[in-house]
Amino acid sequence: METVIQVKNISKRYKITHWQGGYLTLRDVISNTFKHPLRFFKNKMSNIISGESREDFWALRGLSFSVQKGEVIGIIGANGAGKSTLLKILTKITPPSEGEIVLRGKVSSLLEVGTGFHPELTGRENIFFYGAILGMKKKEIVDKFDRIVEFAGMQKFLDTPVKKYSSGMYVRLAFSVAAHMEPDILLIDEVLAVGDAEFQKKCLEKMKSVARDDNRTILFISHNMNAVRGLCNRCVLLEKGEIKMVGDTEAVISAYLKHREGEFGKAVFEYPTDQSKPINIKKIKILGADGTVTAHLEAGMPFSIELGYSVNQAVAASRIFISCVNEEGVELFVSCDTDKQPELFTNREPGNYRATFQFPATNEISLAAGDYFLRVRVTSDPQADHLIPLTIENLAKRFVELPGVMALASKWHLEKIE
Amino acid sequence: METTTTIIKPQKKFSFLDLKEIWDHKGLLYFFTWRDLKIRYKQTLVGIGWALFQPFVTMIVFSIFFGNFAKIPSDGIPYPIFVYSGLLFWQFFSASLAQASSSLVSNQNIITRVYFPRLILPFYSTLTNLIDFGVASLMLVVLMFYYGFAPEWLLILLIPVLILITFMFAVGLGLFLASLNVKYRDIKFILPFFIQMLLFVTPVIYPPSILGKYSWLLAFNPMTGVIKTARTILLGGQTINWLQLEISSLAAVIIFVVGVVYFKKTEKYFADLI
């Protein structure tokens, strides 16, 4: 076996000062220097003496692992665990602060599909530009052009500006270009969060065949345990910038979900306000049938999820998703706020909102008793991916406890016919 | 096929090998330029005609006010063609500088998501302006016919050198301002003002001779040498001031090198700061 990715003791440090205030202005720097000249020099001196600034934040610390040729490795972990930072280092977008990575072969990445698409350009023009950004030569793109278009299923819209595309079409075209890159190592970050189910399946199949038939290596970052399970043979679990576990996919996924279980019982989740995000989810609440806040729900009774979010700027196209995953990582349902209100997709006025999703359980059909995770996502912001644990109990014994993800209280119709 | 090995390490020291990286990515440079040209004139009626319209209207306004009313001397050359020859290079320079300076910030979503040599960004902004320059030159040819000027045919070979000096000056300064702009968005406010000021210390609307014995000071502005030499080549009248042209070239080269070195030094943190 040949090692194609060798990560040796990688760390990444950010200076928090750059994070908090967004960008600096020259005025702040100058006025701070003049207002507090002594403090300025003292800080400078202490920085020089100690060799580092006190306000450090380690996004990654001492990561080491290696990936063999032909392997599909998953990187999982909660938000802020350092998954995206790792990918940014692997793709050379940002340098590590310490350590070394050796990559053998042509590397290509698929980070947030559609980056580099220009809304004014047509599908055809964007294929060329996006291909070039990803590192393809013009001749390569010309050769693969027909296959790219066919895979995306976009023959009809090739000469339409992509600003008229739906978000699903966008993703399909972008994924298709990247999938035809034929790199030795493909790095993928949460691209399957958007696009319709059928195309997601097609993408997964394509990635599988790329790894299996062409013996290429894939590093896959995702929150979607189903996709990770279907694709990866091995996983790395990150937690707070460090490697928590490396091993067989099933083992790592169950360790991850177990860890998340620590949060079971919590029913109100709050998230930091971030004005720079077009849509910023601030609060998620689980409400029982009677409207009380609780994470312990009764089978057969409806429950609701209340989202508090702000729209900070107009977004061209966005959906808010709620999906439900069971302990095995199987997705049970997906619901979007745009399902019944399609106008939300293109038009959201800035302001604060409260949205309520209702799960319509009845006495006869319900999710089976057990532990579940709800995922709340926003299409315009791949970073916004919140995993909320909830428990469904069968205290009132409305249902007989049987295996299966659904619980039914169905009285069989019986007739004696002879 | 030979496999390439990439090694990713923390501190990368500056080396001129990085310029080779641009050469390896010349295809991408082409695509950026191509995309910029496509987008620039989408949904416009006049299209590339705007490249002609702007200097032409500026020429008319300047000729009326500076040439006609203010009676600014023009070394015996009809004022319209005098000012147009200056404006041609000036607009190439100022538009390139403005776009190069904002090239990183305006492409921030690409910078934070894909790796490629960042130097490409300020470069392509200049290349697209070179096309506009080419289109606007057609008007100069028309004016030369109209006023009956014939260029010094042998010296016309110097024109590419003048374009190169303008290019190096604009890109060099642009690289420096672009990397500053990543960290300090003040640049966005300073720049239009700065470019306006520069117009007055460049002999576009007046000949350097009006400064009398201080006219040598203008030589440190690379655009002085460029515009003055261009006028001599195209409109005749004087001999080329080689010393001035050499000072201008040297200043442009120094600014270019400083710009590239500073840009490469700060480049690695663009994605974190932008």
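Any Cβ shown, glycine's included, is placed from N, Cα and C.
What TrEMBL says about a protein is an automatic prediction, not a curated fact.
Feature annotations, courtesy of TrEMBL:
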DOMAIN    B:46-266  domain 'ABC transmembrane type-2'
TRANSMEM  B:45-65  transmembrane segment
TRANSMEM  B:77-98  transmembrane segment
TRANSMEM  B:119-147  transmembrane segment
TRANSMEM  B:153-177  transmembrane segment
TRANSMEM  B:189-206  transmembrane segment
TRANSMEM  B:242-263  transmembrane segment
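Panel annotation: around the transmembrane segment (B:153-177), residues 89, 92-93, 96-97, 99-101, 103, 119, 122-123, 125-126, 130, 133, 187, 191, 222-223, 225-226, 229-230, 232-233, 240, 248-249, 251-253, 255-260, 262-263 of the same chain, lying at least six beyond its termini, place a Cβ under 8 Å from a Cβ of the stretch. Recorded stretches compared: B:77-98, B:119-147, B:189-206; the one with the most Cβ pairs under 8 Å to the transmembrane segment (B:45-65) is B:77-98. Only residues 6 or more beyond the boundaries of the transmembrane segment (B:119-147), in the same chain, are considered here, and those with a CB under 8 A from a CB of the stretch are 18-19, 21-22, 25, 28-29, 32-33, 36-37, 40, 48, 51-52, 54-56, 78, 80-81, 84-85, 88-89, 91-92, 95-96, 99-101, 103-104, 107, 111, 163, 167, 170-171, 174-175, 178, 234-235, 260, 263-264, 267.
The list of residues near the transmembrane segment (B:77-98) in space but at least 6 beyond its ends in sequence, with Cβ under 8 angstroms from a Cβ of it, reads 54-56, 58-60, 62-63, 66-68, 125-126, 129-130, 132-133, 136-137, 139-140, 143-144, 147, 149, 162-163, 166-167, 169-171, 173-174, 177, 191-192, 195, 198-199, 202-205, 207, 223, 226-227, 230-231, 234-235, 237.
Beyond the transmembrane segment (B:189-206), the same-chain residues lying 6 or more positions past its ends with a Cβ under 8 Å from any Cβ of the stretch are 62, 66, 72-74, 83, 86-87, 90, 94, 97-98, 101-102, 177, 218, 221, 223-224, 227-228.
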